[in-house]
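Below is one structure, written out as structure tokens; comments come after it.
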Amino acid sequence: MEEQVFQYVSKEQKAALPPPESEVGAFGVVRRNLFATPLDSVLSIAAGIVVAWAVWHIFQWAVVDAVFTGSGREACLVEGGGHGGACWAFIGAKFEQFIFGTYPIDQRWRVLILMAALVVLVAGLAIPKVPYKRLNAVLLFGVFPVVTLVLLTGGRFSFSGGGMAVLFLIAAGVTIADVSSEPQVGTHSMPVKIAIGAAILSLIALVVARLVDARTVVFLDFRFSWPSLISFLASLAALGAVLYAGFMARRDGGNVLRMFFPAAAVVLFLFLMSTNFGLTYVPTHLWGGLMLTLVVALSGIGASLPLGVLLALGRRSQMPAVKLLSVIFIEFWRGVPLITVLFMANFMLPLFMPEGVTFNQLLRACVGVALFSAAYMAEVIRGGLQAIPKGQYEGADAMALTYWQKMRMIILPQALKLVIPGIVNTFIGLFKDTSLVYIIGLADLLGTVRRGFNDPAWITPSTPATGLIFAALLYWVFCFSMSRYSIYTERRLDTGHKN
């Protein structure tokens, strides 16, 4: 008898079967990730025992056997000798010193005001929904550093003729770069050529002022040497010529006020720094602790990013001289340890400054850290520039944009977005490397903690470990916060793979 086979095709979709109970919930996750095989089970149990042992001993040292109150080393000593628990009483007694260093107690309100202002400005710039981003950026990167310097030191700075010439030469250079980026101006107009020539003359005069011991003269209540006076007047001439060129180009609706900003910023800076606000002078050798760490780290971060961008653009430039100078700068600073850089900045940098321009030890350290970090930042940003497709450059050229317009509006935003992890990684490394300034005599957070170990009133076996754990936690909080915010920013700006 022939077997008959009937085919059956269902016209209704069958409901999906529920997953096995052993694969869902917390039990399923643990089973799938930790106990999937006998070997995984053995390794998980062994690792769990080690972790539990470590966690219990850390908890016992930090909490159970710890000393939280006390006024001296006797509170943290163990009867019969040996190591006891954590001496948190030492942290409580030295906490203000770890934060402010030896900054005068009656003047620490200045530091607290600046820390509160920093938190508000950074939060306003970091939170996307907060309005007035441009104003916030101007306050954070333009006004806040000057106010910080005045409040922390007390102000009333005196400027030499060489310092005045340097400031106005910088203002002239920034204004020339801004005005010459206009398509209708460029670098071929006669006023811009005059401005560039005057700026070069000013720079040459500054070099001569450093090399030649010339007679000094008084001009506008400032003391100049003859070369520095020539440099100052040439800087003013460069500013006047380039402002005239910019005014003629933008008088028909362009942003005229923007080109006056560098010169106005220099004048305002000189006014704020030289005005007597009635504040007590606090020398920088009294600064220390977390305050000094933040000063060095934030100044290095704020200066290294724009310098790194300029160096990266210079290394990819088609002009041989600019490219060669950028390569030499980057390779030199990358090939020297930071400790050597700090020693060079502390002892050799004053030899290259114009006549009458002097920097104290802290400022020299900040300059060295910024230049060192800028070299690494330049290579990170260069990687982002190389990752931009060639079509983006060609599209910008097809729109008849100038070089700086192309970089500012099209290339750099994409390049910086691609290298956010590398940029933040450089920032984190810079923040941790600030502890090296202790070698040249600056008491940063870690240096202040280490100095506290030598206090006879708190010498115990557990004091060093407690102090180092406290410093490590503070470093971790700042570095972890930067890391998490960079991840958030990277996800928020990730538009390359969205449908």
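Glycine is treated like the rest: Cβ placed from N, Cα and C.
Database features (TrEMBL):
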- 41-59: transmembrane segment (TRANSMEM)
- 109-128: transmembrane segment (TRANSMEM)
- 135-153: transmembrane segment (TRANSMEM)
- 159-180: transmembrane segment (TRANSMEM)
- 192-212: transmembrane segment (TRANSMEM)
- 224-247: transmembrane segment (TRANSMEM)
- 259-279: transmembrane segment (TRANSMEM)
- 285-312: transmembrane segment (TRANSMEM)
- 290-481: domain 'ABC transmembrane type-1' (DOMAIN)
- 324-349: transmembrane segment (TRANSMEM)
- 361-381: transmembrane segment (TRANSMEM)
- 415-443: transmembrane segment (TRANSMEM)
- 463-482: transmembrane segment (TRANSMEM)
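Using a cut-off of 8 Å between Cβ atoms, the transmembrane segment (361-381) and the transmembrane segment (224-247) share fewer than three residue pairs, counting only pairs 6 or more apart in sequence.
Outside the transmembrane segment (192-212) by six or more residues, the chain places 162, 165-166, 169, 172-173, 176, 179-180, 185-186, 225, 227-228, 230-232, 234-235, 237-239, 241-242, 245, 352-355 with a CB less than 8 A from a CB of the stretch.
Most Cβ pairs under 8 Å with the transmembrane segment (224-247) belong to 159-180, among the candidate stretches 41-59, 159-180, 324-349, 415-443. Remote same-chain partners of the transmembrane segment (135-153), defined as residues 6 or more beyond its termini with a Cβ less than 8 Å from a stretch Cβ, comprise 110-111, 113-114, 117-118, 121-122, 124-125, 265, 268-269, 272-273, 277, 279, 281-284, 287, 295, 299, 302. Note on the transmembrane segment (259-279): residues 110, 142, 146-147, 149-151, 154-159, 164, 167-168, 170-172, 174-175, 178-179, 239, 242-243, 246-247, 250 of its chain, located 6 or more positions outside it, place their CB under 8 angstroms from a CB of the stretch.
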